[in-house]
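A.B. asks: The structure under discussion is supplied below as structure tokens; questions concerning it will follow.
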């Protein structure tokens, strides 16, 4: 593809017009991974400015054209104002050859992944081939791919969409993280539906405060990204702010009966939920295997989108009933009268939602095993400790992904939020912490292992070790059976 075709939609300055007619086969943006016959885009990122690499790269034969944000001495480049946005647009122009597909984006602090899976499942039940991009994995039709980030970099994002379109997919369903919005990773893509689940404290190490965090999420609901309808949680305070700004919106709620889609009644057990929904004025009864009030919110978001999309009500009901679970999202394991749940809850609000969902089914005790990630928002650690103490009879504090931080310091931060220290066990080794929860449990107990969910690894001092909470629970239960 010629450079001028790649630059469609980009404002640029080019003194050497011959550069615009150069034929390219690849796009490079990381100096550690230069592809043959490629264009190289330099830009100032969050942690690194790749303009620093140009002195070394200017004689690299694999690079045919440079794009920069400023004039660089001895480098004949095309100059753009914003390299990040340019990278996204170029990747879209390179990989996505048509716009004949629907787009659904989901953002929020909690519930993105389950809502993503629900929408994808409903559309698949309706016979639509989809491209799914999110935290657990990526999917093209029925083929699964490993996920490195909730929302990948522009090159991988648009390459994946292009692959899906070539295989006949007609709809992209994607989680959209605040980092992706802030860093313009998906710039150039316009959404038919933008879903807002909720907002609470997370990633404040990056965004500094809740208002900045909301400002990043809010971008999805502006003309920059949205060409269609916003679908917003009317029970959430930040959702209400969005609704007041949106001309074309669908609201959903459990508490607020003025919402376009709202709950009339619901019952929940450890086996799932039965609930009646007013769906745009029509009353429907749904059955779901998902546990908890927070999952009803996720279902409401999904059916709001899919109903407006054109999926008929009968199929909606059947699709929700047949949906089983998302890996690592309140994933249940029953053993010897105990109920274990593995969940990705890694914020205080998510942990509260999960524990409040489990509390009505408590027969004996709730035992919570959790830790907090290192090199991430430190402010949530004592809050998570406080939530665990409030809703649990026993709290076992352990490691999550300490990364480069001192695990003891992370645990100390969590313990700061706990008043009754008699409730807690501190066991840094996560495997031993899970074993301890089984050892002290008795029939009727609910044991929540939170924080990692679907993840099958631990990150400790720059090393990635295999570790899977569900796998460890099953292994430990098996050891007790054989003992």
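The chain as shown is numbered from 1 upward.
Quick reminder: no glycine exception, Cβ is built from N, Cα and C everywhere.
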A.B. asks: Scan 396-399, 400-403, 404-407 against TrEMBL and say which stretch is down as motif 'Meso-diaminopimelate recognition motif'.
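C.D. replies: It is 400-403 that TrEMBL annotates as motif 'Meso-diaminopimelate recognition motif'.
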A.B. asks: Report the candidate from 376, 378, 482 that shares the meso-2,6-diaminopimelate site with 400, 401, 402, 403, 451, 455, as recorded in TrEMBL.
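C.D. replies: My reading of TrEMBL gives 376 as the candidate in that site.
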A.B. asks: Since the record lists 113, 114 as binding-site residues, which of them has the fewest other Cβ atoms within 10 Å of its Cβ?
C.D. replies: 113
A.B. asks: What kind of secondary structure is residue 217 (N6-carboxylysine) part of, going by DSSP in three states?
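C.D. replies: Its secondary structure by DSSP: helix.
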A.B. asks: Summarise the motif 'Meso-diaminopimelate recognition motif' (400-403) as counts of helix, strand and coil residues per DSSP.
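C.D. replies: The composition, in the requested order, is 0 helix, 1 strand, 3 coil.
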A.B. asks: Specify the nearest of the binding-site residues 376, 401, 402, 451 to residue 110 (ATP binding site), where nearness means the distance between Cα atoms.
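C.D. replies: If we rank 376, 401, 402, 451 by Cα distance to residue 110 (ATP binding site), first place goes to 451.
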A.B. asks: Identify, among the binding-site residues 111, 451, the residue whose Cβ has the fewest other Cβ atoms within 10 Å in this structure.
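C.D. replies: Checked 111, 451; of these binding-site residues, fewest Cβ neighbours within 10 Å: 111.
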A.B. asks: For meso-2,6-diaminopimelate, with binders 376, 400, 401, 402, 403, 451, 455, what's the maximum Cα separation in whole Å?
C.D. replies: 17
A.B. asks: To test your reading of the ATP site: which residues beyond 108, 109, 110, 111, 112, 113, 114, same chain only, put their Cβ within 8 Å of the Cβ centroid of those residues?
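C.D. replies: So the extra residues in range turn out to be 106, 115, 175, 197, 198, 298.
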A.B. asks: Whose Cβ lies within 8 Å of the mean position of the Cβ atoms of 376, 400, 401, 402, 403, 451, 455, the meso-2,6-diaminopimelate site, other than those residues?
C.D. replies: 346, 371, 372, 373, 374, 399, 452, 458, 459
